[in-house]
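Over in Swiss-Prot, the protein carries these features:
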- Ser37: active site, nucleophile (ACT_SITE)
- Asn40, Tyr180, Val181, Ile182, Ala183, Glu184, Tyr204, Lys209, Leu210: substrate binding site (BINDING)
- Asn40: site 'Could have a critical role in the catalytic mechanism' (SITE)
- Lys88: site 'Could be involved in aa-tRNA binding' (SITE)
- Arg98: site 'Could be involved in aa-tRNA binding' (SITE)
- Tyr180: site 'Could be involved in aa-tRNA binding(Leu) binding' (SITE)
- Glu184: site 'Could have a critical role in the catalytic mechanism' (SITE)
Amino acid sequence: MTGMVTERRSVHFIAEALTENCREIFERRRHVLVGISPFNSRFSEDYIYRLIGWAKAQFKSVSVLLAGHEAANLLEALGTPRGKAERKVRKEVSRNRRFAERALVAHGGDPKAIHTFSDFIDNKAYQLLRQEVEHAFFEQPHFRHACLDMSREAIIGRARGVSLMMEEVSEDMLNLAVEYVIAELPFFIGAPDILEVEETLLAYHRPWKLGEKISNHEFSICMRPNQGYLIVQEMAQMLSEKRITSEG
């Protein structure tokens with residue numbers, strides 16, 4: 001594709017805050033961190049354009065969060081050789097970045113405000129938050145099981161996306177793929193410290209079971225007071241999913 005499509009249809013998004021504190025952060029609309037997943041057909045160029053357009057209209061400042069190199073673990077867990085998995089992730093994240101940059105430029109945002117998990121490996125705030133997550137993972141069985149459950153869902157979802165039949169998900173597969181979950185969690189509990197912003201909301205298109213448990217104080221780790229989570233869904237997609245559910 002050589003250039004941006006100049007005409008886009010009007011679209012509406014519905015935003016739902018995870019907690020009352022998240023709602024209060026949303027009302028102030030200072031900053032949002034838009035999460036974009038790799039290997040997810042939802043995140044087409046048009047969808048990213050619409051989503052970032054909505055975010056830019058709602059918030060004073062918009063940043064975008066893309067996957068890091070840990071995404072290769074998910075592919076490797078499904079049998080892709082490590083080198084090939086890393087190449088596929090680099091290609092996919094580059095595609096996501098390109099679409100996000102175009103959308104930010106088109107809507108008057110900052111095209112440099114795009115980050116991957118891996119960008120913060122040497123960031124002190126990220127390191128501390130990740131250490132907190134890893135400590136809970138190894139010391140609290142119920143938290144570890146919740147993380148591995150998310151890992152299982154990701155493996156099954158990716159397998160379904162490539163029409164791969166999964167008879168079972170082994171422990172080795174889970175332990176390999178869970179690195180992605182661990183790498184992402186610091187942005188769920190304390191992204192403002194990492195990004196050096198006053199407060200933010202991590203925005204994604206669906207509820208996060210692990211995040212709901214964290215917000216319900218089921219584990220030692222918790223969301224910082226200036227951190228929130230926002231479920232952002234496109235009206236057209238919601239109506240389509242509702243129609244499929246009612247017909248099915």
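Cβ atoms here come from the backbone N, Cα and C positions, even for glycine.
Structure with Swiss-Prot features highlighted.
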| residue | record | CB count, 10 Å |
| --- | --- | --- |
| Ser37 | active site, nucleophile | 18 |
| Asn40 | substrate binding site | 16 |
| Lys88 | site 'Could be involved in aa-tRNA binding' | 16 |
| Arg98 | site 'Could be involved in aa-tRNA binding' | 14 |
| Tyr180 | site 'Could be involved in aa-tRNA binding(Leu) binding' | 23 |
| Val181 | substrate binding site | 23 |
| Ala183 | substrate binding site | 23 |
| Glu184 | site 'Could have a critical role in the catalytic mechanism' | 22 |
| Tyr204 | substrate binding site | 20 |
| Leu210 | substrate binding site | 20 |
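Considering only the recorded positions Ser37, Arg98, Tyr204, Leu210, the residue whose Cα is spatially closest to the Cα of Tyr180 (site 'Could be involved in aa-tRNA binding(Leu) binding') is Ser37. Secondary structure from DSSP puts Asn40 (substrate binding site) in coil.
The recorded positions shown are Ser37, Lys88, Arg98, Glu184; of these, the one with its CA atom nearest the CA of Leu210 (substrate binding site) is Glu184. Taking only the Cα positions, the spacing between Arg98 (site 'Could be involved in aa-tRNA binding') and Val181 (substrate binding site) is 24 angstrom. Distance between Cα atoms for Asn40 (substrate binding site) and Lys88 (site 'Could be involved in aa-tRNA binding'): 13 Å, as a whole number. A straight line from the CA of Ser37 (active site, nucleophile) to the CA of Lys88 (site 'Could be involved in aa-tRNA binding') spans 14 Å. When secondary structure is read from DSSP and collapsed to three states, Leu210 (substrate binding site) falls in the helix class. Pairwise Cα distances among Asn40, Tyr180, Val181, Ile182, Ala183, Glu184, Tyr204, Lys209, Leu210, which the record gives as the binders of substrate, peak at 20 Å.
With respect to their backbone Cα atoms, Val181 (substrate binding site) and Lys88 (site 'Could be involved in aa-tRNA binding') stand 19 Å from each other.
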